[in-house]
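Heads up: the structure comes next, in C-alpha cells.
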C-alpha cells in the first residue's frame, strides 16, 4: 500500500484506481478549508454580532422564567464568553444542565486532549516523514506515512507515536472513568422516582398482582420496603379513548378562546367533505363530556377488577370465585381468581393466582407480565436490581426503569421471545441498510471524480469541458451532499428500533440508536466530511438557524389560522412548529453516534499515519467544546436526563475503535515491509485488548449501581429528616388510568378564576375532599365551600365524601382563605357549631324550604312531613337514571345526590350499577321515571335534601329564617360562654 494518507484513503473508497482527478490532496484540503472554513467563519462572526443583541434567542434560560438557570444569568461578553464558559464547573453543569450535557462536554474535551497528544507527535513525525520519504511534490502527502518508502526506518517513529497516542488514550479513559463513576453515583443518590424504582419483566402468573409482588419484595428486604407497585395492564380500548380525548381538548380550548376573546361563535364541519356545519363549543363540549364519562366508567371497571384480584390474592388457600362487573357498554364481565402462597414459582410450573377470562366487548384490564415497583429506600431498590429473582433466566428480571414519561407502554410486558426476534429483525435490517446504503453514498462521493461522473451522467460532460470551475464545484459539493444523505440515517434507524420491543420510547437519546449510528458512520464515511459536517453544523447550531426559522413559520401559521388568541396559544407548539421559548432537547444519542464517534475514529486511524489530521481534530473538538458549553448553559433545557448512560456506550465503542485502528496501523506497516516496526505494535494491541477486558469485568458495572454503604448512609439521613415518599405514589401508573375526567384550562379552574377577577367578580369553589381543597387553594380562589356528606343535592359519592365538621376544620388549617361549611346546617345551633371550626356556613335545604324558593311546591312540602336524618340517603340511583335523559351528564365522582328516600330508592338502592344499567336498557324503568316527572310524583322522582331536614318543621320567608338563625346562633354562643365560665 504505497499511498496511505487520509486523502488517498478517501479516494480508494470513492473511485476506481485506474482513474485520476485533476485535484491533488493538498488542493482538496485547501479548497475544502477555503470554502467551508470561510462559510463557518462568516457564520461564527455573525453569531458574535447577534448574540448580545438578541438575548431571547441566544440566552433563553435567562430570558424566560420557566427555563431560568442561575449559571445563565451572566451572558458574558461578546468575545470573552468563549473562555468564560469554561469557568462553569462540572458540578454546576450536571446540576443545571443535566449529566448527559456534562458528559458530552467531557467527551469533547477528551477529544481535545487526545488531539493535543497527536499534535505533539506531529512535531517529530512531520520532519521524519518528509526527510525519509520520496520528497513528493504534494505537501500533504509529503508529511504522511504514504511518503515513506518500503522498509524505511521511519516506520519506527510511527510505532513510537502509536504507543504515545493510544497509551495516552487508555490513561485518560481510565481517569475519566473514575471521574464519571463519582458523578454517576451522585446522580444515583438523588431522590428521583427512577432511582427508587425497578422494572420487573417476565412475571409468572402467581406474581401478577400488586399484593404478590409487594409480599415477595417485603419478604426479601423488610416489611415496609415497598412504597408503590403497579402491574402493567392491557388497556388498548381505554388508551384509544384517552388519545381521542387528548386530541379533542385543544380543539375545545381554542373554540372557547374564540368565543370569549373574539366574541364570535366558532363553527366547524362534522366531516371534511359535505359534513354538517355545527357550533364548535357545544359540540366539542358534548363529545368531551361523553368521552369523560366513558373513560371514567372504564377506569372504575378496571379498578374494580384489580381490587377483586387483589382480594383473591389475600388468602392462603386456593379458592375460586366468580365476580360480575359492568363494562362501559353494560355487558357483564366474568373473571376467576385463585389464591396461593407461592411467590417464586415459574409461569409454567406454579399454580396461578388467578385466571382472567373476559367475555364481551373487550379485554381491557388483563394483566401483563411486567410491573413497576417503587421502594421506600435506595438500599432495597439497588438490591432488587442486582439480585436474581428466579431460576429461569428471563423470569422476574429487575432492571433500572426509564423515566415515567419515557415508558413505552405498548412494549411493557412483551414476551422475551418476541423481543429477541424483534432485535434480530432490527439487526438484519441495519446490516442490510449498511450494505445497500453504499449505492447512494458512492454516487455522491463520485461527484468529485469528474471522469467517472461524466461517464455515468453524459450531459455533464459539456459544462465540465466549458467551465474550469465546474469540476472543482462538484468536488466541493460532494461532502456537503453526503452530509445531507447521512442525516437521514437517524430517522431510518429509529424505525428499526421499534422492532426491538424497548420499554423506553424510541428517541434520538436512546443508547441503541447511538450504537447503530456509530457503527454505521464509521463504516460508511471518511475524513473530508468531518470538516463539513462538524463545522457547518456548529455554525448553524450557534446561530440557531432552525429554531429561528421554525418560530417565524409558527407565528405566520398561527396568524393565518387564528391560533394566537391567548398567551398559551402564542407559546405552544402549533402544527409541529415550536416557539423559541420552548426549545427542543438536545439529542445526545444522535449527535454522539453520528458525529463525535466518527471524529474520534478518524483521530485514532489517521493520528499516526497522517498527523496533520490531529491538527484538524484539535480545532474541531475545541470549537465543539466551546460551542456546546455555550449551548448547554444558555439554550438547551434539562430533559430526559439519563444520568450519562451514553458516556459508557461511547467509551466502550471508543476502545473498540482504538483496537481496530491499531490493527489497521499494524497491517499498513506490514504492507510497507516495516516488519519489525509492525510486530513491535503487537504488545500495544494486546495491552489494549486486555485493557478493554479489564474495564468490562467490573468498572462498567460499578457505574450502574450505588454502593450499598452509600445507600445505607443516605437512608439514615432521610430517616432523620423524616422525608416522606408521597412523590413515589402512582409515578408509574399507566397514563390512561390517571384521569377519569379532563378539560381544557379555560373550561374551568384557574383560567376562570383569573377571568372572574379580571371583571371584578369573586370566585368561590365548592370541594368535598382535601385534594380538591388543595387544588382550590393553588388556584387562589376567594373562598372555599366545604360540602360534607350530610349535604343535599349533588356532591361526591358517599364512599368518597367527608363529614362537614371534619372537612371544614381540616381545610381551615390549610389556608387563610375564608372557609364555608355546607351540609346539615339548618338552624342557629348548627351555625354556631361550624363557626367554631371555619368562617361561615352555606345554607341549602333550609332555604329550599322557604316561600321565595322557586322549586316544585309538592316536593317542598315533603320536607316538613316529620322526616329525620334517617330519611335522607346519599345515592347514585337518581343520577344514573336521569343521566340517560340528559345531554350533559353528571360525571363520576359527582354523580351522587343527597335526597329523601322514596319508592325509587327502596327498589334500587341495594342494586348494583350493572343491574340498574341493564334495567334501563331492557325494561320500562326510564319511561316510568319520565312519566313520574311529568306528574310530579314525589314517591318516584328526586327530592334533594340534606340530613338537617329532621329539624325543618315549617316553610317561612328567607328573611325570617336567616334572622332567626342569627339570633339563635348568638344565643348559643352566649350560653357556651356561660358554661365555660362556670356561671
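Quick reminder: no glycine exception, Cβ is built from N, Cα and C everywhere.
Keep in mind that TrEMBL annotations are predicted by a computer and have not been checked by a curator.
Taken verbatim from TrEMBL:
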COMPBIAS  313-327  compositional bias 'Acidic residues'
DOMAIN    35-174  domain 'CSC1/OSCA1-like N-terminal transmembrane'
DOMAIN    196-298  domain 'CSC1/OSCA1-like cytosolic'
DOMAIN    424-544  domain 'CSC1/OSCA1-like 7TM region'
REGION    308-330  region 'Disordered'
TRANSMEM  35-54  transmembrane segment
TRANSMEM  114-134  transmembrane segment
TRANSMEM  154-174  transmembrane segment
TRANSMEM  424-449  transmembrane segment
TRANSMEM  469-497  transmembrane segment
TRANSMEM  517-536  transmembrane segment
TRANSMEM  603-626  transmembrane segment
TRANSMEM  646-669  transmembrane segment
TRANSMEM  675-695  transmembrane segment
If you count Cβ pairs under 8 Å, which stretch among 35-54, 114-134, 154-174 touches the transmembrane segment (603-626) the most?
114-134
Segment confidence, the domain 'CSC1/OSCA1-like cytosolic' (196-298), expressed as mean pLDDT:
87
Distant-in-sequence neighbours of the transmembrane segment (114-134), which means Cβ under 8 A and at least six residues beyond its ends:
142-145, 147-149, 152-154, 157-158, 161, 164-165, 168-169, 172, 600, 603, 607-608, 611-615, 617-618, 621-622
Reported in the order helix, strand, coil, what are the DSSP residue counts of the domain 'CSC1/OSCA1-like cytosolic' (196-298)?
60 helix, 20 strand, 23 coil
Helix, strand and coil residues within the domain 'CSC1/OSCA1-like N-terminal transmembrane' (35-174) as assigned by DSSP:
105 helix, 2 strand, 33 coil
